[in-house]
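Heads up, the thing below is written out as structure tokens.
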Amino acid sequence: MTFKTLDDLTDIAGKRVLVRVDLNVPVKDGQVTDTTRIERVAPTIRELSEKGAKVVLLAHFGRPKGEPVADMSLKAIASAVEEILDQRVYFAADCIGDKAANAIAELNDGEVLLLENTRFHKGEEKNDSDFVTALAANGDIYVNDAFSAAHRAHASTEGLAHHLPAYAGRTMQAELEALEKGLGNPKRPVVAIVGGAKVSTKIDLLQNLVKKVDALVIGGGMANTFLAAQGVDVGKSLCEHDLAETAKAILAAASEAGCAIVLPVDGVVAREFKAGADNEVVDIKAIPADAMVLDVGPKSIEAINEWISRAETLVWNGPLGAFEIAPFDRATVAAAKHAAARTRAGSLVSVAGGGDTVAALNHAEVADDFTYVSTAGGAFLEWMEGKPLPGVDVLRQRN
């Protein structure tokens, strides 16, 4: 590891530790409906609290565009953080200035304070030097535990690391270690599964992966675009016909790099997209003109699972079919269960991420069996695309 972690933080009793966390959680009727992101950062907060630090939490919530917006106040999140930490969490009505400074001054060692939404100030997203200085005035040490915001060069995710001694929190550390195993320095063969609806949202990802993995499984609606580019009639299936040349270029790049491309050989088709819709399995070259492919078929599942069996490392982003609606979840569930079984047996390093992917693995009831499941969304995708992550790079540069 080329960055400092909490293992390097000793003798911090009484020190003001600014901790960047991800509290951008879903809220309905004033209640947090999914506490996963809070649970992920809880170990870092607890550890710093137990070491006697004055723990000061920095976070954003929503997109208030640099102005205070009542509905986007972090005050509504404080009680959910309290519940998960099982300790009092104080709240300050601003993240800089007197309100923040006074609240921090009143903290006892080991206590936790949540500052107001950093995005209530325009300087946050601009990474403005005056705003960074104002944030830094409230801390002695900076800990970044928000990998999910690491692809943004904002004041609280990147700027602060230039002003204070900077460390990776436990979530950041776990994420980076898992990603290093996934694509940084993986055990081979490496197989990637990329699914989801559209090729257009994952062009950079596919172009990067074909240079790094031994086999690329393409599923979901995006597989139709590749099949159509090869002359297959995909009927009424979701398909970006205008990206045929892009698909061909990715296939050519894969061939040149020695990366096997695994496309469906059969599909589960239906005339309507609803639960329990009449459906049939057809050869991929015999899709009825009035039907749409909503999942890959049993022969394709067999081929995908064979690749998973050969793999030492699996990187997964996106479902293989319309998993939200039965019976079009079969391929995703079958592949997920097979990958989970090999991971449990110690034969596979499995790293997965992206919103739909997490939901799909939870649906298959195997998320806990994967080596690592990232909740980071955009940052996970940009890492898979081979793009720099400012919030990570600055931790490496500083140490």
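Cβ atoms are placed via backbone N, Cα and C, with glycine included.
Taken from Swiss-Prot as is:
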| type | residues | note |
| --- | --- | --- |
| BINDING | Asp22, Leu23, Asn24, Arg37, His60, Phe61, Gly62, Arg63, Arg119, Arg152 | substrate binding site |
| BINDING | Lys202, Glu324, Gly354, Gly355, Asp356, Thr357 | ATP binding site |
Under a three-state DSSP reduction, the secondary structure at His60 (substrate binding site) is coil
Between Asp356 (ATP binding site) and Arg119 (substrate binding site), what C-alpha distance do you get in Å?
26
Within the chain of Lys202 (ATP binding site), which residues six or more apart in sequence place their C-beta under 8 angstroms from its C-beta?
Val194, Gly196, Met222, Asn317, Gly318, Leu381
Compared by Cα position, which of the binding-site residues Glu324, Gly354, Thr357 is the closest one to Gly62 (substrate binding site)?
Gly354
What number of additional C-beta atoms lies within 10 angstroms of the C-beta atom of Asp356 (ATP binding site)?
17
Counting Cβ atoms within 10 Å across all protein chains shown, which of the binding-site residues Gly62, Gly354 comes out on top?
Gly354
Cα distance (Å, whole number) from Asn24 (substrate binding site) to Gly354 (ATP binding site)
15
Rounding to whole Å, the Cα atoms of Asn24 (substrate binding site) and Thr357 (ATP binding site) are apart by 18
Would you kindly give the Cα-Cα distance separating Asp22 (substrate binding site) and Glu324 (ATP binding site), rounded to the nearest Å?
26
Recorded ATP binding residues, Lys202, Glu324, Gly354, Gly355, Asp356, Thr357 - maximal Cα separation rounded to whole Å
21
Among Asp22, His60, Arg119, i.e. the binding-site residues, the one with its Cα nearest that of Gly355 (ATP binding site) is Asp22
